[in-house]
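K.L.:
Quick one: the structure is below, questions incoming.
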Amino acid sequence: MKIGIDKIGFYAPHLYLDMTRLAENRNIDPDKFTIGIGQEKMAVPPMTQDAVTLAANAAVDMLNDVDKEAIDFVIFGTETGVDSSKSAAVYVHELLGLNPYARAIEVKQACYGATAGIQMAKAHIAMNPGSKVLVLGSDIARYGLSTPGEATQGAGAVALLISAEPHILAVEDESVYFTADIMDFWRPVYSDKAFADGKLSNEQYIAFFSRVWEQYKTKADLELNDFAAVCYHLPYTKMGYKALKTVLDEGNEEVQERLLTNYKLSTVYNRNVGNIYTGSLYLSLLSLLEQTNELTAGDRIGMFSYGSGAVGEFFTGILQPDYQDYLSIERHNALFASRSEVTVSEYEAMFDDALPTDGSAVELEIDSDPARVCLAGIADNKRQYVNKEKNTTL
Ligand code: CAA
């Protein structure tokens with residue numbers, strides 16, 4: 001039985017900051033951000049969006065009634081969740097109106113959470129072939145104003161419907177994963193901003209990729225020539241390129257050209273959204289699939305997942321017949337086209353604006369946020385979520 005990705009949904013907030021404007025404001029050569037780091041626009045979340053709403057918005061248009069009935073497991077990967085106890089998956093389960101006979105959990109290991117979710121989903125479906133699993137990767141990446149990490153911030157979510165006989169990508173069984181305790185990037189519970197040892201994080205990302213790739217080739221008896229494309233976790237789009245470069249000479253000229261072309265296509269969405277942590281690898285896959293007409297059924301795509309701290313995994317998927325029919329290119333084009341630019345000072349004000357942390361209540365203005373699902377405020381220490389279409393408040 002094939003198991004894998006049946007549908008992919010994506011959401012980013014309706015506001016963005018142009019990286020050239022940010023560079024000019026910070027007295028940095030814009031080429032550093034657009035070429036050296038490889039980012040053009042950074043999604044900026046309004047107060048009315050958090051990890052829960054971003055994920056719900058990524059899934060809300062993707063699921064039909066049959067899916068909602070069949071989903072019996074919601075796995076929410078995030079490193080910027082909103083509650084230390086209640087899982088973000090439970091909120092999304094309600095906001096989307098899913099079958100109550102379901103499990104709903106949150107998974108954390110930095111940017112690796114959604115990959116763990118996919119592998120758990122695969123095992124669940126192997127035992128329960130009729131069920132479907134909703135895997136979410138949703139985050140707001142924050143490093144701080146005028147920090148080295150600032151150019152690699154972002155916000156957004158990817159929703160993956162995992163099922164038997166999937167229409168987009170069948171996930172293959174061979175995979176290699178690796179864990180080592182390192183401090184390359186972390187966020188203590190008292191901080192709403194991440195800490196990063198930038199140089200170490202870049203080195204470890206590549207070291208983890210080398211380890212899992214070398215082991216994978218032996219375990220699966222495959223080589224670079226067997227791949228139509230390799231997608232990477234993209235904290236910024238230059239990062240995956242640095243990792244790809246380390247293995248490119250394993251392929252012949254034609255393979256190198258193919259992998260480089262497809263790498264570029266796999267970065268288009270990420271370049272315009274920024275780092276979305278858990279969803280980044282899957283946004284890259286989505287970008288590749290929605291930007292090319294060259295990939296065909298049977299093509300193998302490699303996936304490198306990296307979650308700082310750190311866990312890395314290399315796994316693969318096979319494209320399914322007519323996979324293009326199951327993508328939502330128009331919806332995603334419309335989402336990008338409808339975004340509005342904010343100035344650097346507007347972005348800075350939004351960055352510094354924070355929800356109360358002293359237990360006081362707040363009501364947020366949700367009419368200016370075009371998203372279907374919004375955070376409407378906090379009352380009695382409870383987040384108040386609204387699905388404007390369902391007209392429900394949680
Ligand atoms: N024109 C063109 N390129 C230029 C340039 C210019 N004028 N000026 C600089 N550059 C290039 C540099 O040569 C460099 O390229 P290479 O990496 O290819 O050498 C690139 O721009 C970046 O320059 P610096 O290394 O000087 O940049 P920095 O030290 O200020 O910050 C960073 C870069 C370390 C990635 C920083 O943004 C950061 O700390 N980000 C957060 C951590 C991160 O994303 N780590 C990635 C791996 S960890 C991970 O993947 C998990 C995760 O999601 C966080």
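Positions of Cβ are set from backbone N, Cα and C atoms, glycine also.
Note that this is a predicted model, so its numbers are computed, not measured.
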K.L.:
For the (3S)-3-hydroxy-3-methylglutaryl-CoA site that TrEMBL gives with Asp29, Lys242, Asn275, which of Tyr112, Tyr143 also belongs there?
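P.N.:
The record-listed residue among the candidates is Tyr143.
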K.L.:
Counting only residues 6+ apart in the same chain, whose Cβ is under 8 Å from the Cβ of Asn275 ((3S)-3-hydroxy-3-methylglutaryl-CoA binding site)?
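P.N.:
Result: Ala141, Thr152, Gln153, Gly154, Leu234, Pro235, Tyr236.
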K.L.:
Radius 10 Å, atoms counted are CB only; among the recorded positions Asp29, Glu79, which position scores highest?
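P.N.:
Result for the most crowded candidate: Glu79.
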K.L.:
Rounded to the nearest Å, what's the C-alpha distance separating Asp29 ((3S)-3-hydroxy-3-methylglutaryl-CoA binding site) and His233 (active site, proton donor/acceptor)? Just drop the number here, would you?
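P.N.:
Answer for this pair: 26 Å between alpha carbons.
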K.L.:
Are there any residues at least 6 positions away along the chain from Cys111 (active site, acyl-thioester intermediate) with a Cβ closer than 8 Å to its Cβ? List them or say none.
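P.N.:
For Cys111 (active site, acyl-thioester intermediate), the qualifying residues are Glu79, Asp139, His233, Pro235, Tyr277, Thr278, Ser280, Leu281, Ser305, Tyr306, Gly307, Ser308.
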K.L.:
Just to be sure I understand the contacts, which recorded positions have a Cβ under 6 angstroms from any atom of ligand 1? Candidates are Glu79, Cys111, Asn275.
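P.N.:
From Glu79, Cys111, Asn275, counting a Cβ under 6 Å from ligand 1 as near, the near ones are Cys111, Asn275.
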K.L.:
Check the recorded positions His233, Lys242 for other C-beta atoms within 10 angstroms of each C-beta and report the one with the most.
P.N.:
His233
K.L.:
Based on DSSP, tally up the residues of the domain 'Hydroxymethylglutaryl-coenzyme A synthase C-terminal' (264-350) by helix, strand and coil.
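P.N.:
Counting residues per DSSP class in the domain 'Hydroxymethylglutaryl-coenzyme A synthase C-terminal' (264-350), I get 41 helix, 20 strand, 26 coil.
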